[in-house]
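K.L.:
Swiss-Prot lists ASP723, GLU724, MET725, GLY726, LEU727, GLY728, LYS729, THR730 with the feature ATP binding site, giving sequence analysis as the kind of evidence. What Swiss-Prot lists as compositional bias 'Acidic residues' is 17-37, 71-89, 289-299, 1353-1364, 1374-1383. Sequence annotations record features per position, and here Swiss-Prot assigns compositional bias 'Pro residues' to 1547-1561. Residues or ranges marked as domain 'Helicase ATP-binding' in Swiss-Prot (evidence: sequence analysis): 710-894. Sequence annotations record features per position, and here Swiss-Prot assigns N5-methylglutamine to GLN1388. Annotation comment: Swiss-Prot describes SER1552 as phosphoserine, evidence class similarity to another entry.
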Amino acid sequence: MRGPLGTEEELPRLFAEEMENEEEMSEEEDGGLEGFEDFFPAEPVSLPKKKPKKLKESKSKGKRKKKEGSNDELSENEEDLEEKSESEGSDYSPTKKKKKKLKEKKEKKAKRKKRDEDEEDNEDGGLKEPKSSGQLMAEWGLDDVDYLFSEDDYHTLTNYKAFSQFLRPLIAKKNPKIPMSKMMTVLGAKWREFSANNPFKGSSAAAAAAAVAAAVETVTIAPPLAISPQQVPQPLPVRKAKTKEGKGPGVRKKNKGAKDSKKKGRGKRVAGLKFRFGGISKRKKGSSSEEDEPEDSDLDNASIHSSSVRSECSAALGKKNKRRRKKKRIDDGDGYETDHQDYCEVCQQGGEIILCDTCPRAYHLVCLDPELEKAPEGKWSCPHCEKEGIQWEPKDDDEEEEEGGCEEEEDDHMEFCRVCKDGGELLCCDACPSSYHLHCLNPPLPEIPNGEWLCPRCTCPPLKGKVQRILHWRWTEPPAPFMVGLPGPEVEPGMPPPRPLEGIPEREFFVKWAGLSYWHCSWVKELQLELYHTVMYRNYQRKNDMDEPPPFDYGSGDEDGKSEKRKNKDPLYAKMEERFYRYGIKPEWMMVHRILNHSFDKKGDVHYLIKWKDLPYDQCTWEIDEIDIPYYDNLKQTYWGHRELMLGEDARLPKRLVKKGKKLKDDKQEKPPDTPIVDPTVKFDKQPWYIDSTGGTLHPYQLEGLNWLRFSWAQGTDTILADEMGLGKTVQTIVFLYSLYKEGHSKGPYLVSAPLSTIINWEREFEMWAPDFYVVTYTGDKESRSVIRENEFSFEDNAIRGGKKVFRMKKEVQIKFHVLLTSYELITIDQAILGSIEWACLVVDEAHRLKNNQSKFFRVLNSYKIDYKLLLTGTPLQNNLEELFHLLNFLTPERFNNLEGFLEEFADISKEDQIKKLHDLLGPHMLRRLKADVFKNMPAKTELIVRVELSQMQKKYYKFILTRNFEALNSKGGGNQVSLLNIMMDLKKCCNHPYLFPVAAVEAPMLPNGSYDGSSLVKSSGKLMLLQKMLKKLRDEGHRVLIFSQMTKMLDLLEDFLEYEGYKYERIDGGITGGLRQEAIDRFNAPGAQQFCFLLSTRAGGLGINLATADTVIIYDSDWNPHNDIQAFSRAHRIGQNKKVMIYRFVTRASVEERITQVAKRKMMLTHLVVRPGLGSKSGSMTKQELDDILKFGTEELFKDDVEGMMSQGQRPTTPIPDVQSTKGGSLAAGAKKKHGGTPPGDNKDVEDSSVIHYDDAAISKLLDRNQDATDDTELQNMNEYLSSFKVAQYVVREEDGVEEVEREVIKQEENVDPDYWEKLLRHHYEQQQEDLARNLGKGKRIRKQVNYNDASQEDQEWQDELSDNQSEYSIGSEDEDEDFEERPEGQSGRRQSRRQLKSDRDKPLPPLLARVGGNIEVLGFNARQRKAFLNAIMRWGMPPQDAFNSHWLVRDLRGKSEKEFRAYVSLFMRHLCEPGADGAETFADGVPREGLSRQHVLTRIGVMSLVRKKVQEFEHVNGKYSTPDLVPEGPEGKKPGEVISSDPNTPVPASPAQLPPAPLGLPDKMEAQLGYTDEKESGTQKPKKSLEIQALPTALDRVEAEDKHQSSDSKDRAREERMEEVEKAQGSPEQPLKEETLPDKEPVPDKLELSLSHSNDFRPDDPKAEEKEPTETQQNGDREEDEEGKKEDKNGKFKFMFNIADGGFTELHTLWQNEERAAVSSGKIYEIWHRRHDYWLLAGIVTHGYARWQDIQNDPRYMILNEPFKSEVHKGNYLEMKNKFLARRFKLLEQALVIEEQLRRAAYLNMTQDPNHPAMALNARLAEVECLAESHQHLSKESLAGNKPANAVLHKVLNQLEELLSDMKADVTRLPSMLSRIPPVAARLQMSERSILSRLTNRAGDPTIQQGAFGSSQMYNNSFGPNFRGPGPGGIVNYNQMPLGPYVTGR
């Protein structure tokens, strides 16, 4: 760090220069001697020694004072030497301080670095003469101080501090205003001059300077001694090589620098302190190269502790760089480097400072307090460290050593032998720090050699290049023994006796050089590798056995035996094998694939860039012309021939290069014709000449395919070649492209995109069928592709910009290739280059990759410039017509561009038309042939489904998985689709093998080699037990097997199994790439191959792989998508197969697998029919319900085993008999005679008789019998029949022959669902498991809930009864039931009754969920018209009552339905209503079309109708059923409400909900309740409710609770605000009530209440209670009016009447009633004037006839009273319209009042109050203020009128105040709606998702599992409603059964 002294760095330099000039030792005198200590006396000098100073960055050699000088003017020679030393010098300078002060070093690092840079700059720029003090003063305009120093001054001013104190006052006196910085600079310059002029330099300073000068000249430094400049060392004649006494490995190895530094600091008994001069220039004196060498050897500190270090002797690049970086550390011959600051801590100045041993501080002696006369001896800590208590801790080997007669040589060499790591007498290398024992060298040395000795590392020859990889190693012969040349000097007594001189063998490594081909591989010594590729060498050591050379690795895969035979026959092969092949180099790697490019060197010689076979492009290498490689000349000729062909004559082979080429001219490629020579529309009867020349022969159907493709090309029709897998689509495509080329139609280029795994196969086929094509495979990593782009795309060097980044190709550049083969991924990744080329033809293999037009592949490929497109696919219809449409859209977007139109066109016509029309569309575009048509003699294939039992271990895990996931499975817990999928995957794993779970895998017995123990592996899985028996028999019979599994981990287990069984096998999965994959296939298909099994993963093994040598396929676990399985077994059943193929599909009985297989079969049925998008897609569209059904399959039986304890002990397993059935049924059991007696659940007939399946030898033999009938999948055949019309390319499409037998085509079948299935099955197991877990976790035993198992068994029985009708489809109670019409307590009898009603229909199965009949979609048997009629009925009457089927609710269109079908449809309809999702979607989740259903409107209507119905029921028992007394039959009141309700047999009437048995249907009130209740109050606008997920829910109580909460946050003020808005709008706007309709929708509560109470449902809590804070007159009026009304009725009609709607005065209804009744009573026209009575009968009419059926109501004699008020208007023309409008408006008002009543009822029951700080309350306070102000100043108006002027003035002020208050209130009112807090959605209030709420509400009312706390406790929702909301008591349950029934009735 520079001090304030500007030129501080220059200060000591001049001081040192003087000393140097006097005492410098010349290079000649020094003579390059290193035995420095021989030339100096041993006695110590009086003063502490001051060692020469190396720069502060050089490492510390010991504690000593130091000064430094440097020569200002170096000779050129010296500068050269300096440069040389800098490049060769080492950075190895051991330091003591480094370790001790690591922390401080880090802090100082940045400072030092900056300082180093400054110094380097200084050095680089040459040495500048510092300015003198006079110059500085003159420059700054200061007065100089001319003071002559006397001798005394020179004696007294011995340090800078004293000098400064003396001179500073003098300068300040002359220059009073001198800045401090300039003062310090001048003082520095003065001190420098003073020191330079000091005549007394011969004393201590002189001694120190001499030492500095001498030491800087030498490199090996002795302990510091004062010498006189006169002493000149004499050169020695010859010297022995350097030796030293090392330390053994037992000695603690310290940092080498620390050890050496102590020796160097020990010139005296007392170690001198370290001194340093701040800021001394790091320029060093010149030194000879020899002197630098020991310094050089210090290179690598780490090398001391490691056996292998980079060569310190070679001037390698890395070392130069390193030296340059650390140049400052080695500049001075021998200083030391410390981390100390270079200025005094006290005065911040440089100079001679002493360094603290325990911290980085430094001090002047005079700056210490107290001052020190001289440096203290030994270790010294500064005042700061002493204060902090930090002490220097001595190290073990810091003890002072006794000094001998001569000084110890200072040494940087290793303390131990590099080979054996032991101490003793060591031979030291003169060029590096290595040390060796003589006997450890190879060969050993007999004695210490004379002169300079370099170690093996320094004499090791450099490598010829960079090593890319190590291929092999071997032992070499020992080196020849070392011959002793000169007699050695005396051996030191410590040397061990010499060993025998034989050398030891060394390792040699066979290496591949980077940038060179395998032809250049060679052997290198171990030491070379160790020195130049340390990391690679170490890694190789770590991974390989370094005692025994690796066995020979024949990379070609040949066995030793084969190799020997070939060597005997082929001497060239023998030579190559010995030199290359045995070391793992494949012969292909040394064969030229093709020459890519050429270049000329300066001499004009040509070099070729060669691509080697089977190696990627990034391993291309440049080779010279003359290298001897087989076929090299031919390939050169081919290269030049291709250039000539593409570029013309100019590009032919240069004449000077023509050598052997002349002989090869005849092989030149034939140029394609420029014009077409053959008409492509003419058919070939036999294959063309250019195919004959390849030696191949096309099958007749392939020739037909070629003709069809050429014809389509001529017509410009893009095509799909859809031949079945295995018919050679690849060959037909290649021959087609080749024909275009050879016949002159097109020269390319052609783009072929294929899956990566098949690209190698494409290459081979191109080589075979199109030899003249130049085919480039564009795959690989970035480097490889970069090489391809630069060399294979064009002949021009600059056609494409080089580098890894992809650029476009220049326009109109000659393309080099004919065909580019690439993968799907690179089409998108390297779009820039590929998209810039104009392609003559595009071929996409496995084109179903284009089935989604949203995929990137589709979009990118669509943007390419392509003349003609050809798609290849074996499965053109994988899932649905939508995918086929996308293929056609890709082919011809101008023709196929309207997806909706396409699908619609094929959705509404019958199948025959559809097929015909599709054929007309597809005919020109698609050709499809089947193996069955093409190869009449091709062996058949038989597919058998083999049902397998779970092993005991699998059963344990299967149960565990279900139990552990009970909460996710139990729909009440709200399990989602993802979690169900996860559970299903776990169960599939369990069916495969329990070891797929980490827990089981860890516990499994293992073999020493890490694989599983075979016997336990087999016993753990039922499938493996069967596989073991099957494989044994198959092997004996000579069959070969393919085993497919989806899971690669399962393939790992199968590998262990096959190893255990001793079978040889191959394996392919997603991780095995193209090359390795093809090799494995080739090995398996090779004649006489030993491999018996081939393991494949279903998806990776499904593409373009030919394994026709196998004849047995075992599908270990089925894929979700059946097409993947078909592709899998088509690997074996293809061209070349000459045996019958047996396919065994393993399916675990009664498990998810069995169900999945059935679902997969159903998907296959969709393949040839489905045209609805989305219905047939893959697992993505699995609904939660489908997943749930799959998971349930077989579980009951599994857990029944637990309960029954496997009761079937008396039955012994018998031999299974394979029943080979068609797989159409989905469950073909190659099964067994089965034990009978089990009755598994579900409707799967296959399983019903089955129990444990046991396979014995007889069963296995039967299973493997190949004479069984072929059972090709019928669905598959159907699909193929559908596509069969494309099998003959006659250019006109044949019509479909088949006729559809079945009238109804099943699209989708609804699954049966029991809501409580998991609850009953798993609850007990789950609780037990939780208890065990809690006990294990130390939570104590759970208190068991008392369960009455009798009840449970009854419930179970009931459940079974319910399911007895095939689990009737409408029992989807969990999500679809509605409680509006269900009354749980009395439900049992109702249930039995309904069961009796159902009996007749029980045997008749329900129609399928979705079917197509005559082109029209049916849903559960309801056609479009019936569905519309059902919806209209819902919109008219609300929810169907529970006994709707017996009432006349059923309209004419629905009367043909059975009750079972009707109920199922109601259930489905409600489920759809409650399904969340956008109304805009085309279908519901299960695929049923929405048909424009607006969920919000329907739910709103259901809600409104429910409120109306309940209000009428409330008063029905009083008012009867007739509006006028003369119509009433006798004693109508005597009838029960239920009877009263449906009176007119001709009119459909909803039955009273109170009567209904609990069935899974209804949802009316529930929905109403949920429907829009929450947000509507504040705004007059209707909003669709998010909380409407109401699914028909079976638990009345639950729903009530939830709903309550749901409504709970009402308040008076909100209501008041409603009044303000609504009262104004109620009559005027017909829409407004609609808005309110939604409110009722949310009020299920009342309904539910009806359900729970079988009596009249008067659930209206006292209105006044609700209005505590703001009592309204209306309420009292209401009661009074009712009383009056009652009296009048008695008088007038003796007819009792009661009706009220307690709207709390929030609507105008009561005001109207009051006025109307007053008028009616006063005039006596009780019937003629419309009032309360009419309103009641209007509502009753709506309940009977439906919503807004005004005319029907008026025509009904029961409601005659409604016509009375209009009699006087009959004569008017618009009489009817007027009457209907009035009724509609009046109904809206009633509707509004009903909504508010329901809200108030809930608010009252929940004791809700409004926060006094709420804006609404503030408005109330303002109103009171206005009233108060007005009343208190009433008298003013009289006085003012009386002429009182002061009163008049006051009156004006008061009026102003009132005006202000009123305007404020007006402003507040307008803001009020937005300020009133809206009720949050029910989901937010309950803190649950909509799904969770719905599933929670699915519990049945009597269900003991209802957990009330979840809904009852107010904590759940208290905080949602603000601070002042009070719930129904402290955590109590909202139970509406406890509420008062109906206080709003008059006449009691």
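Note that Cβ sites are derived from N, Cα and C of the backbone, with glycine treated the same way.
For each listed feature, how buried is it and what is near it?
P.N.:
Secondary structure at THR730 (ATP binding site), taken from DSSP and collapsed to helix, strand or coil, is helix.
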K.L.:
Around ASP723 (ATP binding site), which residues of its chain at least 6 apart sit with Cβ under 8 Å of its Cβ?
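P.N.:
Sequence-distant Cβ neighbours: GLY705, LYS729, GLN732, GLY874, LEU927, ARG928, ARG929, LEU930.
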K.L.:
Across all chains shown, how many C-beta atoms besides its own are within 10 angstroms of the C-beta of MET725 (ATP binding site)?
P.N.:
22
K.L.:
Test of understanding: give the count of other CB atoms lying within 10 angstroms of the CB of GLU724 (ATP binding site).
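P.N.:
For GLU724 (ATP binding site), the count of other Cβ atoms within 10 Å is 22.
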K.L.:
Return one of helix, strand or coil for GLU724 (ATP binding site), based on DSSP.
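P.N.:
Assignment for GLU724 (ATP binding site) reads coil.
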K.L.:
Give me the count of other Cβ atoms within 10 A of the Cβ belonging to LEU727 (ATP binding site).
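P.N.:
Its Cβ has 25 other Cβ atoms within 10 Å.
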